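**Q** Pasting in a structure now, in structure tokens, and then I'll have a few things to ask.
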Amino acid sequence: MVVNPIKYKSKLQAIFHNGLAANMISLGLVQLTNFIIPLITYPYLFQILGAERFGIVTYALNIMLYMTTIVDYGFNLSAPKAVALAKGYTRELSVIVSSVLQIKIYLFLLVAGIIVIASIIIPEFNKHSNLYVFGIIYVIGNAALPTWLFQGLEEMKYITWLNILSKVILTLLLYLFIKNPDQYIYVVGFYGLANLFSGVVSMTYAIKKYKIDLTWQTIETIKGELHNGFSFFISNISSIAFSNSTIIILGFFVSNEILGFYSLSEKIAFSVWQLLSIYSQATFPVVCRYAVESVNHLKSFYKKIYVPFILLITVFCCCLFIFSDYLVYVATGEYSIQTVAILKILCWFPLVVGLNIPAFQVLIAYNKQIYNARLFNIAVIFHLTLCTCLAYYYGSIGAAWSAVITQSFLTLSLYVIVKRLNILA
């Protein structure tokens, strides 16, 4: 068979000039970095800090994720949609960006105050007060990332290399400055410094490229943005509550050492989650467009893109299950039956999450996000109750099962709602 190089080149050019393909490639590079760097840093931190200190750091990171979610509000979902609709209109885009940044400043000041006060008056936080105070850098670093802006503009390629550079900086900081267990207090802050660098540089670039005029917005405009993002905020809080509350709850029933082993298993299993993030972020603007244009186009899009994607996720999860013994040994330098058992349960979590992406996206695209918020609230209550019971009786194994069971309940419920609303009929 003779290959026509001109025809082959034209096909490649068509692929790379396609907005969705370009965004998925850019996001792929970002998430590939997010996948590789933890494989380098987590085993290093675990072996330097030890299981106990690693557990303490992971617990603090989970607390900071809650704080970050407050500052991000619901803008990771509401802002990309608003930006996508304002694309090409400089004035409207400037108002959106200014409003989001202004609200984030207010919320960051609130959260920083909460962290400082908690580090003083709560005994468990006070014992590691320096760790939590340095964690404020983590919050502002994540708040500075303009992923929502580039996602809405469908120009993710502009922050790809900055993200890679920030991860390299993080790795260097950890390897150069974390040399003994007592230096655990700096770990969370180092994560924040890397993101802060990427955020400031990429936002500065966006402001110049798209001629964004940052202005102080009126109370009415701020209220409007808060209202638009509120249901997403509740959904995000609920999502964080049951995806990250497991470690918080488990911390009440097991030692920091066991918590450290559970955390490591979770990090390994959730590494596949990076692929879910690539797909979800890259396809969401396209789903919003097709939702307006045609239901048939949307269905066709999911058949062509989603089905192969979820098959890929299934393969990755199977690999995690099969090679769990080896992965645990490489990460810890030892073989732990309990850690392997946890990983064999949690390895299916990403697959269950991946199965709910279409239903979740469709509800948002058709302005039915209130159902997401309500369902996540129910799921949070379900998970908090189930996790507390199972963690109390079965420790880390029970906590792992509660995470998978809750996510399965959520996935099934999302599709029931989509079916009842008859959205894709």
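Each position is counted from 1, following the chain as shown.
Cβ atoms are placed via backbone N, Cα and C, with glycine included.
Caution: TrEMBL annotation is automatic and unverified by curators.
Per TrEMBL, the feature transmembrane segment maps to 20-44, 56-75, 105-125, 131-151, 158-178, 184-207, 228-253, 304-329, 341-363, 375-394, 400-418.
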**Q** If contact means at least 3 Cβ pairs within less than 8 Å, sequence distance 6 or more, would you call the transmembrane segment (184-207) and the transmembrane segment (400-418) in contact?
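**A** Counting Cβ pairs under 8 Å, fewer than 3, so no.
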**Q** Quick one: do the transmembrane segment (341-363) and the transmembrane segment (375-394) have at least 3 Cβ pairs under 8 Å, skipping pairs fewer than 6 apart in sequence?
**A** no
**Q** Could you check if the transmembrane segment (56-75) is in contact with the transmembrane segment (228-253), meaning 3+ Cβ pairs under 8 Å among residue pairs at least 6 apart in sequence?
**A** yes
**Q** Below 8 Å between Cβ atoms, which of the listed ranges 105-125, 131-151, 375-394, 400-418 makes the most pairs with the transmembrane segment (228-253)?
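**A** Selected stretch: 375-394, with the most Cβ pairs under 8 Å.
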**Q** Where else in the chain does the transmembrane segment (400-418) make close Cβ contacts, counting only residues six or more beyond its ends and a cut-off under 8 Å?
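**A** Same-chain residues near the transmembrane segment (400-418) but 6 or more away: 242-243, 246, 262, 265, 342, 345-346, 348-349, 352-353, 355-356, 359-360, 362-363, 368, 371-372, 375-376, 378-379, 382-383, 386-387, 390-391, 394, 424.
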**Q** Are there residues at least 6 beyond the ends of the transmembrane segment (105-125) whose Cβ is under 8 Å from a Cβ of it, and what are they?
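**A** Non-local partners: 67, 70-71, 73, 132-133, 135-136, 139-140, 143.
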